[in-house]
Amino acid sequence: MMKLNRPRWSPLLWQITLLCAVLLFHNPLVHGNDEISTESQPAEDAEQYETPKVDPKRMYFAEHFDDLFGENAIEKRWVKSQAKKDDAADEVAKYDGEWAVEQPQRPILSNDYGLVLKSKAKHAAIASHLLLNRPFVFEDKPLVVQYEVNLQEGQECGGSYIKLLSVGDGTKDLKHFHDKTPYTIMFGPDKCGNDVKLHFIFRHVNPINGTITEKHCNKQKDRLDDPFKDKRPHLYQLIIRPDNTYTIRVDHKTVNEGSLLTNFTPAVNPSAEIDDPEDRKPENWDDREKIPDPEARKPDDWNEDEPAQIPDPKATKPAGWLDDVEEMVPDSSAVKPADWDNDMDGEWEPPLIPNPMCEKAVGCGLWKAPMVANPNYKGKWRPPLIANINYQGKWAPRKIPNPDFFEDLTPFRMTPISAVGIELWSMSNDILFDNIVICDDESVADEWAAQTFDLKVKTLDRQAQTLWDRTMRYINYKPGYWGAYFVYCSIPLIAYIWFLWSRRDKEETFVSRVLKYCNNNPWMWAVLIVVVGLPVALMIYFMCFSKGDTKAEIGRKKKNDDYPVAENEQDGLAGAGEADDDGRSSKTKLNAAATGSSGSRSASSAGEAYPEDEDEHDGDEAEDDEEEDEGQEEDAQEMAAAEEEASSSDVPVDSKSSEGGEGLKKRRAQLH
């Protein structure tokens, strides 16, 4: 048997396979010269999430659910409805939807809980009074409503909105909360099929007769499809101001804004005039703009009987056409069923099948010429239209003053709010609500979002730096896509193996046949790489490079890892180093100087503290450190102690700064 040559393509194939495996299962991604090391990527639980504090002086309502995860603990602040719907059958009228306080299916922050609707296709309602039972009164301060929603199973038909319940007898006992309970505002997302909405509805009270009408906000320009399918938390915010303007934001982005007076249907203020209901159109009123020409006559050669299509006169029957052969013939192999009753079912006849003789011939049966357009066809004759000299215009009833007219220039002054309610019917379960806030100051809501939602987004974005999370996010966490992708990649591989197996030689092994065929036909390697590698390359491209300016994002994250010391604070740090007798500055003083009076460090302030030429400063600092290390080789132990003491502080020292340099030299001198 001929000895096989060593395959020329095998090393390249192994390299490509190894590279794909490294890219797929290795968490850190490399973008150009920027690499995210595992040390700079803390674990999910390392976010140090702290439950935000509720301040009744600044908030009318605030709910984080973090302390309500115990059994029946939710009843401390929330009331589950025990009511029934009036217009529904008894078996579906109950509000028996299940609520639970639990962590998300995909935990993001440690010890972060939310209110979850566990059931689907059931009516569910739950509500809670405002803090200290202090109602929100629409006077001279804006209303700010904010909350999070995570559709953990997606959404096909159902809502995830909230209701701000009105002050009154209907909201005193929240156990009777139902769909007819008076509310002031309904706000939040809703979807059924292809109809996607972001509700903002307020109930307006007629100042004349006291009737209440729902006013629906006009739709935003852009569709909001992602929140219903990406299975991520989203932040919804509504701001209504005393000047009757409103703003709706989703994830801090403005999606809709306008005025309560002009952007709602029906309008807040009715028309000053209406159509007279008693006015009737006169019988002799002629509102025809054009009429048939009464003097027109049908031409003598106009034939209305001509058909629209006729057989093609130029067509001829093809040669070999079998005129005497039927297109369908009885199936000779058919057998009369045993339970066939001629008296009840009639005379049995075998079913018809296409005539096998017609398959070999040009055609069979009665030949007919194809139909073509009839050049003589004109259709039914109609006289041409001319202008109507008696045209009186379009009739409309006369206008009269509207007896119900009023002008409300301050629709902002709505019915006061006393409670927050969630009343839903959804075909999806595991809808998670979290961090509901009602206040009259946008900064309070933004501060709450910075401690909750913004922290979640930051964590998710960091997790998305790994190829695995990018892939899972792109395929929307649906394992079915993996099965489809596996089948797609397996088809050419199975076909290729079957092809080789069909050409098997008993004197050769399977592996030798594969190598032999690939050596003799190197193009087969290219075919396999294109068929299998193309979808892999596309997936890697979408996962790794779908976001814009990834390198800039990585650089920003690196900058936020270390909080810099402001120049005007370094004098205090140096002085703190001199004050201690043992030559080591107090860690408490360093932390106090770094955090300032507020005692907090935000990512935004950290970003502002960095100058634009920080990269150059970092390089200079590295060079200075190397020179200092070389100059202190004779006393390595004392230098190590100094570096250990400096690293114990939370504040990095800028060696390029003159003040910081002097402080560092004094500290080292004290160690000697």
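Note that Cβ sites are derived from N, Cα and C of the backbone, with glycine treated the same way.
Feature annotation from TrEMBL assigns compositional bias 'Basic and acidic residues' to 278-301. Using a Cβ-Cβ cut-off under 8 Å and counting only residues 6 or more beyond its ends in the same chain, the compositional bias 'Basic and acidic residues' (278-301) has close neighbours at 381-388, 390-395, 397-398.
Here TrEMBL flags 592-609 as compositional bias 'Low complexity'.
For 610-647, the entry in TrEMBL reads compositional bias 'Acidic residues'.
Cβ neighbours within 10 Å of Cys157 (disulfide bond), excluding its own Cβ and spanning all shown chains: 15. The disulfide bond annotation in TrEMBL covers Cys157-Cys192.
What TrEMBL records for 261-319 (among others) is region 'Disordered'.
Positions annotated as region 'Disordered' by TrEMBL: 562-672 (among others).
Annotation comment: TrEMBL describes 1-32 as signal peptide.
Among the features that TrEMBL reports, transmembrane segment is placed at 480-501 (among others).
Annotation source TrEMBL lists transmembrane segment at 522-543 (among others).
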For the compositional bias 'Basic and acidic residues' (278-301), what does DSSP give as the number of helix, strand and coil residues?
0 helix, 3 strand, 21 coil
